[in-house]
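Colleague: Quick paste of what Swiss-Prot says about this protein:
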- H361: active site, proton acceptor (ACT_SITE)
- K23, Q73, 78-79, 100-102, G139, E153, N168, N226, R331, K349, Y364, N375: UDP-N-acetyl-alpha-D-glucosamine binding site (BINDING)
- D102, N226: Mg(2+) binding site (BINDING)
- A378, N384, Y385, S403, A421, R438: acetyl-CoA binding site (BINDING)
- 1-228: region 'Pyrophosphorylase' (REGION)
- 229-249: region 'Linker' (REGION)
- 250-453: region 'N-acetyltransferase' (REGION)
Amino acid sequence: MPHWAAVIMAAGKGTRMKSKLPKVMHTLAGKPMLQHVLDCVRSVEIPRSMVVLGHGREQIEATLDDRTEVVVQEEQCGTGHAIMQAIPHCHEVDHIIVLSGDQPLIRPETLRNLIRIHIEHNAAATLLTACFENPHGLGRILKEGDQFLRVVEEKDATPEERLVQEINTGTYCFNVAKLREALKNITPKNAQGEYYLTDVFAVFHAQGEVIRTYCTEDVHEALGINSRAQLAAAEDVARQRILSYWMEEGVTIIDPRSTFIEAGVVLQPDVVLQPFTILKGRTQVAEDAVIGPHTTLTDCTVGAGSEVSHTVGNQAVIGGHCTIGPYAYLRPGTVLQDKVKVGDFVEIKNSQIGEGSKIPHLSYVGDSQVGKSVNIGAGTITCNYDGVNKYKTIIRDKAFLGSNTNLVAPVEIGEGSVTGAGSTISKNVPANTLAIERSTQKHIENWVRNKKK
């Protein structure tokens, strides 16, 4: 969309959140509220995005990418004042769309409709509105018939005006040239002593300019988030949207009430999500995989046909047709090739496990390279840390480690080798070798343990 720009209001302090974090940085479905709005703008191909910052500027600015321009509002003197700071940056821009950084539930299709109406009617301004049964605290849209008159804020409205149910969402399209002139005519003469952006509509009306409205059917898009309770309510709406989307895309979700999927997750058709599954970050799950129950995956990749149950995974890669869990813990740097089995009470960290290898139960594998078709017996651990440095363990293809083997890194187990149960291996084992390390078993006859009387 040439000659368009978006201006996102994000300068407010968010006092009711009672947080050191700026309001628009609180997350919804795994992303900051502000990022939801930015992503929505970019999905409708608006080429420029400007964010007006004030409180918490440094924290917010540090999270923005190079595509986002920052406009600073040093003093928060109202929405009109915020736009006054942005207008000088609108070089070669014919129209702007103004949004609020604390309204993360706005949808791309709504913005497209708003922009379409604005262009079709060659309007000076087009407002996004919504109808609430209880619009308490929200600015009202005043009309004469279908003709827009003005917006009145709750604190400045008469008792009769407060009965109006159509409200101002705070999202607008403006003709930049006309907005620039109208801003010269607004003053802070209101109950708050601020420059209201909404006062430009009265200026437009007096000048006979075209003002249009578009009423969204989804009132959730108008929800501004000012408290933790409102954030929780918005989280529920976002979660239901995400769940509905993936079910429409061919994903089976056994119990939507107990399933949580963040916005950055990608799922393929015929994935099955069991109850109490939580998928976070950039997690990707391929077709026919079954996740859960009671599984949390963050920034993980799961291959086709794998089964992952009662597992916590973070920044792990799981190949195709693997079996993981129950009660496995996959830490960052874990890479499992196809057909790997990781069983109960197994922890893996920063390790590569080759195709067809098995770690069935009660093991810790850290900083290791494990080959193909390896069997790691119950209770086997890699001793990879000396209190200062981490060391690597290498286990070659087809090795068989007996139960309760301790591998003192750095150490290498050769291809096809076997370790005896209970061995502590601290030296490299050649290929096709049996390695046993045990102290001599002693029997003390006629020994009876002293008992306290």
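For all residues, glycine too, the Cβ spot is worked out from N, Cα and C.
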Colleague: Using CB atoms and a 10 A radius, I'd like the single residue among the binding-site residues K23, K349 with the highest neighbour count.
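Modeller: Of the binding-site residues K23, K349, the highest Cβ count within 10 Å belongs to K23.
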Colleague: Comparing the binding-site residues S100, S403, which residue's C-beta has the most other C-beta atoms within 10 angstroms in this structure?
Modeller: S100
Colleague: Just going by other Cβ atoms within 10 Å, which of the binding-site residues D102, E153 has the emptiest spot?
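Modeller: If we count Cβ atoms within 10 Å for the binding-site residues D102, E153, the smallest count is at E153.
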Colleague: Return the count of C-beta atoms lying within 10 angstroms of the C-beta of N384 (acetyl-CoA binding site), excluding that atom itself.
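Modeller: Excluding its own Cβ, N384 (acetyl-CoA binding site) sees 23 Cβ atoms within 10 Å.
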Colleague: What are the helix, strand and coil residue counts for the region 'Linker' (229-249) according to DSSP?
Modeller: 20 helix, 0 strand, 1 coil
Colleague: State which of the following recorded positions has the fewest other Cβ atoms within 10 Å around its Cβ: H361, R438.
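Modeller: Counting other Cβ atoms within 10 Å of each of the recorded positions H361, R438 gives the minimum at R438.
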Colleague: Sorry to bug you, but what's the C-alpha spacing from Y385 (acetyl-CoA binding site) to G78 (UDP-N-acetyl-alpha-D-glucosamine binding site), rounded to the closest Å?
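Modeller: Roughly 57 Å, rounded to the nearest whole number.
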Colleague: C-alpha of A421 (acetyl-CoA binding site) to C-alpha of K349 (UDP-N-acetyl-alpha-D-glucosamine binding site): distance in Å?
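Modeller: Just about 23 Å between their Cα atoms.
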Colleague: Say you check the Cα of K23 (UDP-N-acetyl-alpha-D-glucosamine binding site) against those of the recorded positions H361, A378, Y385, S403, R438; which is nearest?
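Modeller: If we rank H361, A378, Y385, S403, R438 by Cα distance to K23 (UDP-N-acetyl-alpha-D-glucosamine binding site), first place goes to Y385.
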Colleague: Have a look around N375 (UDP-N-acetyl-alpha-D-glucosamine binding site) and count the other CB atoms within 10 A of its CB, chains all included.
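Modeller: Looking across every protein chain shown, the total is 17.
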Colleague: Please report the number of other Cβ atoms within 10 Å of the Cβ of N226 (UDP-N-acetyl-alpha-D-glucosamine binding site).
Modeller: 16
Colleague: With DSSP assignments reduced to helix, strand and coil, which class does N375 (UDP-N-acetyl-alpha-D-glucosamine binding site) get?
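Modeller: Assignment for N375 (UDP-N-acetyl-alpha-D-glucosamine binding site) reads strand.
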Colleague: Tell me the Cβ neighbour count for A378 (acetyl-CoA binding site), meaning other Cβ atoms within 10 Å of its Cβ, over all protein chains shown.
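Modeller: Neighbour count, Cβ to Cβ under the 10 Å cut-off: 19.
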Colleague: Note the mean pLDDT of the region 'Pyrophosphorylase' (1-228), expressed as a whole number.
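Modeller: Average per-residue pLDDT within the region 'Pyrophosphorylase' (1-228): 93.
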Colleague: Which residues of the same chain, at least 6 positions away in sequence, have a Cβ lying under 8 Å from the Cβ of Y385 (acetyl-CoA binding site)?
Modeller: G366, Y391
